[in-house]
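TrEMBL annotations:
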TRANSMEM  33-53  transmembrane segment
TRANSMEM  65-86  transmembrane segment
TRANSMEM  92-112  transmembrane segment
TRANSMEM  124-141  transmembrane segment
TRANSMEM  147-166  transmembrane segment
TRANSMEM  178-205  transmembrane segment
TRANSMEM  225-242  transmembrane segment
TRANSMEM  262-285  transmembrane segment
TRANSMEM  291-312  transmembrane segment
Amino acid sequence: MAAVSPILLALFSWSILLVVSRAILVETGLDPWLFTFLQMMAGGLILMVLGGWRQIGLSALKDPFTWGFGVLRVLTAAFFTAALVHTTAANASFVGIIVVPLSMAVLFACGFRQPTLRELPGQLIVLAGLWVVVIGLEGGFTNPALVYMVLSEICVVLATLISELHPMNQTEDTRQRAGLTGVMLFAASICMLGGAIALSLIGAALPTLAKALPAAPEWIGTPSLLLDPTLWIAAILVGALLRGTSQFLSLRAVYRVGTENYLAGIAALPFMSLGLEFLFFQLGLIDRFVFAWQTVLGGIIMTSGSLLVLFSRRHTAMSIARAR
């Protein structure tokens, strides 16, 4: 039970974050990109406070790994948040399980890891489940959420690689990791927010820019939208209360129960998100609750496949250890 509690806390926190973010975006129509930049800025600041950033200092900002990780983590959240505009938190989380075959492909392409035959059945099951989930989405394969989630999970894989290589991240100290993560997120989100402000001002000076960009956000060319108090208040509150907390609880859970156990437990995220969305609907906090047995079935298939991959990798690692 002691091992389960950290995972449950992290699961609940991430689920609340996703469901609340979707509710805010759908009900208010706020821009998901600006919402994410501000949210990550506030979340990063909270992590810096919780982790004691003074132990790390500003030297972390001199390391290119810091900026690479920070930008990729902000993009991960931005793409995921953009997906929430087009589908439910549960469906987006189901599609997010595509990170399992994506990580295998990226690690193999980069020469870090060669997949074993033992894990291939699980990978195929994940892909089969993905097909079931996607055809159940509104618009099927044309739903923008699919593209956003694929981009989000690619960023997850690359950010994880950079995190493992970061010289200042080679520690088991949860607080130090939290502080370093906070510095990376805060610095990257500040820069990306600054870039958005600059792009908006340029768009205002050059009206043809917004028209030339495909699917350009409304705030490009309209700087006043960046000053929306609802945007700032909602994003900062969500970032400070939920984003930073979720990230810290995840780091704590990984430290307490191990990466493999955490990954196995976090596979329940879509189902907890589904339950919370139903609860929010019953409480009148959201106007619409979408439940389709087809997407849930596909999600169960994907989750089963991801767990099979996880256990097959664990079995392979144990076999190698015994052989030594």
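Backbone N, Cα and C define each Cβ position, glycine as well.
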Q.
Which range wins on Cβ pairs under 8 Å with the transmembrane segment (65-86): 147-166, 225-242, 262-285, 291-312?
A. 147-166
Q) Of the listed stretches (124-141, 147-166, 225-242, 262-285), which one yields the highest count of Cβ-Cβ distances below 8 Å with the transmembrane segment (291-312)? A) 124-141
**Q.** Remote residues contacting the transmembrane segment (225-242) - C-beta distance under 8 A, at least 6 residues beyond either end
**A.** 13, 16-17, 20-21, 24, 28, 30-31, 34-46, 196-197, 200, 218-219
